[in-house]
Structure formats: structure tokens, C-alpha cells
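Enquirer: The feature active site, nucleophile is assigned by TrEMBL to A:140. If you look up TrEMBL, you'll see A:11, A:12, A:110, A:168, A:301 marked as NAD(+) binding site. The D-glyceraldehyde 3-phosphate binding site annotation in TrEMBL covers A:139, A:140, A:141, A:194, A:195. Annotation comment: TrEMBL describes A:2-140 as domain 'Glyceraldehyde 3-phosphate dehydrogenase NAD(P) binding'.
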């Protein structure tokens with residue numbers, strides 16, 4: 001059993017912790033918290049050891065009656081790898097500390113590729129992370145693009161991808177972000193960073209992206225236009241997506257015509273926190289005109305990268321060298337259907 | 001002075017009425033109302049004669065103390081043309097009545113092209129409406145596409161257009177429509193009807209569109225990818241948009257980075273109802289890669305078709321045979337800057 005630390009037990013960190021804890025070949029050695037909030041309290045209830053990520057805050061945790069095991073410095077000895085789930089930009093600074101402490105580290109999509117050196121997606125470049133010390137799991141949007149573009153590339157070859165990403169303005173628990181009643185080009189420049197980000201794991205892919213923010217909290221939505229190299233049929237695409245792990249086809253005609261209904265479905269599936277680890281592709285949206293494939297998909301921004309973090313651990317610690325086996329193992333342990 | 005009737009004094013009707021009244025070559029002979037609501041009261045205050053569109057409702061209007069001039073049947077004699085602004089689908093039925101009464105009619109984008117027979121955009125096919133009896137002004141989204149695609153087509157030729165339309169869920173005054181917190185593919189099939197609708201006025205244009213609904217009320221937002229036939233520069237495009245009437249360039253860097261801020265700007269311009277008749281193109285979004293032009297634009301769904309309705313009146317009554325002159329006259333009279 002490999003021992004995993006989680007640095008930053010927030011939106012992503014708590015989910016990765018649960019996914020790691022659910023595996024049969026790794027365990028959580030401890031999680032770090034800066035603030036003794038409700039998530040810290042819940043971590044204790046779930047049996048995770050808490051280490052303070054900032055010094056001199058014992059009294060805050062004492063006041064909140066949340067027991068801590070020590071500071072983050074005492075956690076490094078106990079782990080084989082740290083999954084850094086701190087806010088974007090903090091991870092790159094933490095990397096220097098991990099290097100000094102001689103501990104491997106996984107970072108999230110909020111960090112810059114160049115600062116970590118290697119990016120990761122289970123389906124695109126698993127092998128490149130084998131034995132690596134520092135790896136960045138690409139963002140939720142990029143992960144969503146890779147999940148469906150990879151199998152399409154294998155099926156028919158990709159000449160050019162155009163994608164318009166309609167992003168949720170804030171996560172459900174974020175009350176200080178907007179927009180409330182507006183559509184915000186973000187960035188207002190074209191292309192957005194998502195295309196280059198996909199290229200950090202799908203090397204050489206010809207892709208241009210545009211992105212906007214809208215006033216919703218539930219999921220991102222992507223509109224894809226994929227020029228194919230060879231002749232494929234919609235049936236081929238359906239068959240491909242049906243057998244692709246972590247991708248599900250949903251039918252608007254069966255009541256799954258929006259991101260809200262898809263989230264309702266995830267709750268009905270009994271998923272922890274109502275998460276949907278899979279990318280949901282609207283079956284009705286699939287169309288091919290002049291060798292160009294069109295489709296729409298929904299991305300649960302809080303959870304789709306979670307299984308990728310688990311696979312990255314296996315690759316970096318060389319617990320598994322076959323991506324398909326790691327993906328299958330991760331999926332089975334966290335109950336992924338797609 | 002030509003006499004114009006407005007059938008349906010709602011979101012579009014009241015705006016067209018004001019725009020017609022502001023012209024120096026036409027006047028409002030009367031507007032119809034079915035219900036004596038606040039809009040009916042305001043119409044009286046503005047000096048418009050009200051005709052009831054449904055019979056046997058005198059007592060309702062009497063109760064509301066809103067004076068009426070008669071029923072719609074009494075309005076036909078007084079007008080040269082009727083602008084039908086009734087809800088989508090009703091206009092096609094009204095057309096049969098107008099034919100019987102021998103009155104010309106303009107319809108809105110909610111009607112089907114085939115049922116009206118001729119569609120209209122001031123910049124795309126003004127001449128085809130000269131002397132016509134029945135014409136449909138294309139929808140706000142289609143009008144927005146035509147406004148910017150027409151000049152681009154003239155500038156560099158268009159090989160293929162891909163557009164993703166992010167539509168507002170409801171108008172600001174609609175309290176019974178959604179979505180509230182969701183992204184809704186609408187339609188969930190690809191392509192959406194917007195491409196074919198553009199083709200009703202820009203004949204033969206190669207265009208594919210995808211559309212979604214989002215929880216905002218202010219404006220639609222479009223993401224455009226336009227493959228060009230010839231080499232043009234961003235400077236060419238900027239210059240073209242700068243001289244195109246009813247198109248304005250806005251800078252995210254100057255505080256116009258969202259639909260909300262653009263609407264705030266329209267209010268600051270002192271526009272009636274805070275309307276923005278022009279299509280707002282984000283200057284920063286303009287980019288050309290591999291002879292493909294990318295841009296983002298915002299469409300004020302309640303008002304962008306208003307000047308087109310005025311131009312359609314002039315074309316159909318042959319008050320003006322030159323589109324540019326009609327556009328300039330309309331613009332001047334309603335204070336359009338772009």
C-alpha cells in the first residue's frame with residue numbers, strides 16, 4: 001500500500017482523498033488544512049489525519065476543536081507522494097519544497113505546464129508519467145476535451161479541432177464569484193489557453209478554442225467541431241464513446257437535456273457528493289457533415305480530474321505500467337459506470 | 001407620410017412603434033393590444049391609438065381605464081402596412097387575414113420562412129423586398145450573424161462559417177422561463193436552425209451553427225469561426241467593422257468585457273429602454289489564424305431587429321430603393337452611432 005498525502009483539502013483535495021482511500025493499492029497518510037473550517041471537521045469524521053499547512057495556527061484548530069497530527073513538515077516522512085490541491089499558482093511554489101524534501105508531487109490544472117514540466121491525462125500520455133517526480137494533471141476542461149478527443153483521434157484521425165467552451169462562473173459553494181446575469185468572454189481574446197493546454201498531453205493536435213463564462217455553477221459545457229482525417233459514421237462514433245471509459249452518452253430525449261438534469265442523474269446514481277467523474281456527451285448532438293464531427297458535452301468541473309489523479313499516482317510510483325489496467329482499477333474502486 | 005400599424009404591442013412591437021414614430025417619412029396609425037396591461041397604458045401615454053386585437057374585451061379595457069379606438073378590423077383601413085409583432089406562430093395565421101384585408105405585412109423571426117415566403121435583412125437582401133407584400137424580418141440572432149458576416153463576405157469572401165450561439169434564457173421581463181442554473185443545448189441536435197435561417201437572406205452561404213441556452217436575460221453571445229476565401233488582415237476587418245452601420249467594436253480592456261457591461265453602456269448612451277440596436281463585436285476577440293477569422297459578438301435580443309423593421313417598411317412600400325440610404329435614414333432618426 002502506497003501512502004499518499006493531500007496538500008490542500010478543498011474542492012479537489014477532498015475528492016481525491018476519498019478516491020485514493022477507495023483504492024485497494026494506496027491509502028491516505030494525511031491531509032493538510034490551513035483553516036479549521038467545516039471541511040477540516042468533516043475530514044476528521046472521515047478518519048483522515050490532519051496536518052496544518054501553516055505554522056502557528058494550533059490555537060485556531062484547538063478553538064474549533066479539530067484535532068491535528070502536526071504540521072505539514074511532519075507529513076512528508078509518512079508519504080510516497082503528495083497530491084497538491086492548493087489554489088492555482090501555489091502548487092508551483094510548493095514544488096520547490098517537495099524537491100527539497102525529496103517527495104514526488106502531483107499538481108492540478110491551475111499550475112502552468114512549464115513550471116511543472118510534465119502534464120498528464122490517463123488516456124493521452126500515461127506512459128510519459130511512469131516514474132516521473134512531478135506531474136500536472138490537466139484542468140477539468142482540458143481533461144474533458146482529452147477524454148473524447150483521444151478516442152476520436154484513434155477512430156478517424158483528427159485534422160483540426162474547433163471548440164467553444166461555455167464555462168460555469170463559479171463552483172456551487174463559491175459565493176463571492178460571478179457573473180450573476182451576464183455572459184463574459186473569458187478570455188476576450190482568441191484562442192483561449194485550452195487549446196495549448198490540450199497540446200501538453202495530446203502532442204501536436206491542431207486545436208483552437210474560444211471560452212466564455214456564464215452564470216451557472218453546475219458544469220462546463222463544450223461545443224466541438226472536429227474535422228476528421230478519414231470517413232467515419234455516427235454509428236462508429238457512438239460505438240467508440242460507448243466503449244470509452246469515463247465517457248457516457250446521455251439522451252436529451254430521456255430527460256437529460258441540460259447540465260442540471262445530468263447533475264440530478266449523478267445524484268440518483270448515488271455518487272459521493274453527487275459527482276459525475278465521466279464526461280457526458282449528448283447523443284442527439286452527434287452529427288457528421290462533410291467529414292466534420294459535431295458534438296456537445298458536459299464536464300463536472302469539481303470531479304472529472306479525480307480519477308486522473310489516482311492514475312497519475314500509479315504511473316509515477318510505477319505501481320502499474322499499463323494505462324488501461326490503471327484506469328479500470330481506479331474506475332472499479334470508485335464506481336465509475338462509463 | 002406612410003401609415004403603419006403595429007399588431008402586438010409587446011417586447012418587439014413597442015420598440016418598432018417608437019422607431020417608426022421617430023422617422024420623418026412614416027407614422028404610427030395605431031397599435032393593437034389584447035390585454036390592458038402596463039404596456040397598453042404606456043402606449044396611451046405615448047400618444048398611440050389602441051385597437052383591440054380580440055373582440056368582446058371592451059369591458060376589460062374600460063375597467064383598466066384604458067381608452068381604445070376600436071377593434072383591429074377598424075385599423076386596416078387606416079394603414080399602408082402592418083408590422084406583426086405577435087408571438088411566434090401567430091403571425092403566419094394573421095397573414096391570411098392581412099391577405100383578405102389587402103394589407104401588406106411584416107413578420108418577425110418567430111415565423112417560419114416558408115409560411116411567409118420571403119425573409120429580410122437590410123444588409124443582405126434589401127432589394128428583394130422592394131414592393132413585396134409579405135416579408136419576414138429574420139430573428140435577432142440571425143440578424144446579428146448577418147450584420148457582421150455580410151461585410152466580412154464582401155471583404156474577403158467566405159468559404160465556411162461555424163458559429164456557436166450562447167443564447168439568453170429569457171428576456172428581462174419574463175419571469176416564467178428558465179433556465180436558472182443550467183446550460184441547455186437548445187436544440188440538442190446539430191446544426192441548429194440558425195444556419196438555414198441565415199441562408200434565407202444570405203443565399204448559398206456555407207454555415208453551420210450550434211446553440212445553447214444559459215441563465216442570463218441581457219443579451220445573446222456568438223462565437224464565430226469564419227474560413228475566408230482570400231487573405232485579409234485584422235486591420236482590414238477592424239476598418240470594415242468600423243465603417244459598417246449597426247456594428248460597433250467594444251473593448252474588454254475599457255470595461256466592456258461582458259454583456260452586462262455593454263448593456264450598462266447602452267444605458268449611459270441614453271438609449272430608449274437601454275436598448276442597443278447595434279451588434280457589439282469584442283475588438284480583442286478578433287484574430288486570424290490560417291485564413292480563418294475568429295470573433296465574439298453580443299446581440300441585444302429585444303432591439304437589434306428594430307431598425308430592420310423600419311427598413312423593411314421602406315422597401316415594401318418602395319419609399320426608398322437604395323438600402324444604404326434607408327439604413328442611414330433609419331439610423332439617424334433613432335440615434336444609432338455604429
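Glycine is no exception: its Cβ is also placed from the backbone N, Cα and C atoms.
Are these features on the surface or tucked inside, and what are their neighbours?
Expert: For residue A:140 (active site, nucleophile), the same-chain residues that are 6 or more apart in sequence and have a Cβ closer than 8 Å to its Cβ are A:109, A:220, A:299, A:300, A:301, A:302, A:304, A:305.
When secondary structure is read from DSSP and collapsed to three states, residue A:301 (NAD(+) binding site) falls in the coil class.
Of all Cβ atoms in the shown protein chains, 23 besides its own fall within 10 Å of the Cβ of residue A:194 (D-glyceraldehyde 3-phosphate binding site).
Mean pLDDT for the domain 'Glyceraldehyde 3-phosphate dehydrogenase NAD(P) binding' (A:2-140) in this predicted model: 97.
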Enquirer: How big is the gap, in Å, between the Cα of residue A:195 (D-glyceraldehyde 3-phosphate binding site) and that of residue A:110 (NAD(+) binding site), rounded to a whole number?
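Expert: That separation, Cα to Cα, works out to 15 Å.
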Enquirer: Say we define neighbours as other CB atoms within 10 Å of the CB. Which of the binding-site residues A:11, A:139, A:141, A:301 has the fewest?
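Expert: The binding-site residues A:11, A:139, A:141, A:301 were compared, and A:11 has the fewest Cβ atoms within 10 Å.
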Enquirer: How many other Cβ atoms sit within 10 Å of the Cβ of residue A:12 (NAD(+) binding site)?
Expert: 26
Enquirer: Please give me the binding-site residues out of A:11, A:12, A:110, A:168 that lie within 10 Å of residue A:139 (D-glyceraldehyde 3-phosphate binding site), comparing Cα atoms only.
Expert: A:110
Enquirer: State the Cα to Cα distance, in Å, between residue A:12 (NAD(+) binding site) and residue A:141 (D-glyceraldehyde 3-phosphate binding site), rounded to an integer.
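Expert: Residue A:141 (D-glyceraldehyde 3-phosphate binding site) has its Cα 14 Å from the Cα of residue A:12 (NAD(+) binding site).
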Enquirer: Could you give the Cα-Cα distance between residue A:168 (NAD(+) binding site) and residue A:194 (D-glyceraldehyde 3-phosphate binding site), in whole Å?
Expert: 15
